Amino acid sequence: MIGEIGVIGEIGVFVLGLCIGSFLNVLIYRLPRSLTLGGRSFCPKCKKQIAWYDNIPLVSFILLRGKCRKCQFPISLKYPVVELLTGVLFIGVIGGIRVIGAIGVLGYFAIVSAMIAILFIDLEHQIIPDELIAIGVFGALGVFLPSHLSLLTSNLLSAAGASLFFLFLHLITKGKGMGLGDVKLVFLMGLVLGFPKIIGSLYLAFLTGAIVGVILILTKKKRFGEHLPFGPFLVGSFLTFLFWGDRIIQWLTYHFF
Ligand SMILES: [Zn+2]
C-alpha cells in the first residue's frame, strides 16, 4: 500500500504515529494511576504545566535536550522512545502488512498503539489495563469484519486456545507465573495473529523471557523466583510475528517440516 500514498503520505503517517505516541505517553502515565485523561500535561517534579510548544512530539524533547524548561528535571527517555516507536510501527503497518481498506489500516493502528501502551505499563506497574485490551479487540474487529469474517471465526479459536492455555498456567502457578492480564493479552494476540503464528509468537515470548530472566539472575539484577513481567515479551513476540510472521513460518516450514 506504501506505493499508493507516496512519500508525503508516508511522512504524514509517521507524524500521525508521533502524535498518537504522545497520547500513548499520557495513557501510560495516567491509566495505572487512575488519573483522568483530560487536562494539560505537567512536569512530574515542579508540577508546572507544559506549554504546547514544549509538548511537540520528539521535536520538543530534542530542543529541550531532555530537561524541563523550568526546573531542568530530566524528562524520561521513555517519552521520545514511545513516540518514535509508534511512528515507526505505523509506517510498518502501511508498508509491511497486507491490509484491506482504510478501516483495516485504522484497526492495525489501534492494535499496535494498544500493544505499545501495554508493554510500557506492564514493565513499570505489572498490570495490563482492560481498556487497552478492549482497544486492541476493537482494532481487530476493524481489520477482520469488513472482508475477513471467516478468518475472524478461525482466529477466535486461536484466541480461545491461547487464553485457555494461559489460564491453566495462571491456575497451576496460583497466579504467580501468569497474571489474568496475560490471559487477556494472549487472547488479543491469537485474535490478530491466528494459527499457526500464535504458536510461534508464544514460543518466542517464552524463549526470550527465559533468556532475559537467566541474564537478570546471573547479573544479580533479579533473584530467582522474583517476578518478571511477561507482557513485554508477549508484546515483542506479537509485533515480530505481526510484521514477519508469514516469512518466519515459511522459513520454518521449508527447513523443518
Ligand atoms: Zn519541571
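Using N, Cα and C of the backbone, Cβ positions are placed for all residues, glycine too.
All annotation found in TrEMBL is predicted automatically rather than curated by experts.
The domain 'Prepilin peptidase A24 N-terminal' annotation in TrEMBL covers 15-93. For the domain 'Prepilin peptidase A24 N-terminal' (15-93), residue counts in helix, strand and coil come to 40 helix, 4 strand, 35 coil, using DSSP.
Summarising the annotation, TrEMBL assigns domain 'Prepilin type IV endopeptidase peptidase' to 110-214.
Look at TrEMBL and you will find 6-28 (among others) tagged as transmembrane segment.
Here TrEMBL flags 75-94 (among others) as transmembrane segment. For the transmembrane segment (75-94), the residues of the chain that approach it from at least six positions outside its boundaries are 1-2, 5, 9-10, 13-18, 20-22, 24-25, 28, 57-58, 61-62, 64, 66-68, 105, 108-109, 112-113, 116, 120, 239, 243, judged by C-beta separation under 8 angstroms.
Per TrEMBL, transmembrane segment is recorded for 100-120 (among others). Long-range neighbours of the transmembrane segment (100-120) within the same chain, counting only residues 6 or more positions beyond its ends whose Cβ lies under 8 Å from a Cβ of the stretch, are 1, 17, 20-21, 24, 27-28, 31, 78, 82, 85-86, 89-90, 92-94, 128-129, 132-133, 135-136, 138-144, 146-148, 185, 188, 192, 231-232, 235-236, 238-239, 242.
The transmembrane segment annotation in TrEMBL covers 132-149 (among others).
If you look up TrEMBL, you'll see 155-173 (among others) marked as transmembrane segment. Tertiary neighbourhood of the transmembrane segment (155-173): same-chain residues 140, 144, 179-180, 182-184, 186-195, 198, 202, selected by CB-CB distance under 8 Å and a gap of 6+ residues from either end.
Taking Cβ pairs closer than 8 Å, the transmembrane segment (185-218) reaches residues 111, 114, 118, 128, 133, 136-137, 139-140, 143, 151-152, 154-163, 165-166, 224, 228, 230-231, 233-238, 240-242, 245-246, 248-249, 252 in its own chain, all 6 or more past its ends. Annotation comment: TrEMBL describes 185-218 (among others) as transmembrane segment.
Summarising the annotation, TrEMBL assigns transmembrane segment to 230-249 (among others).
Taken together, the residues in the domain 'Prepilin type IV endopeptidase peptidase' (110-214) have a mean pLDDT of 94 on the 0 to 100 scale.
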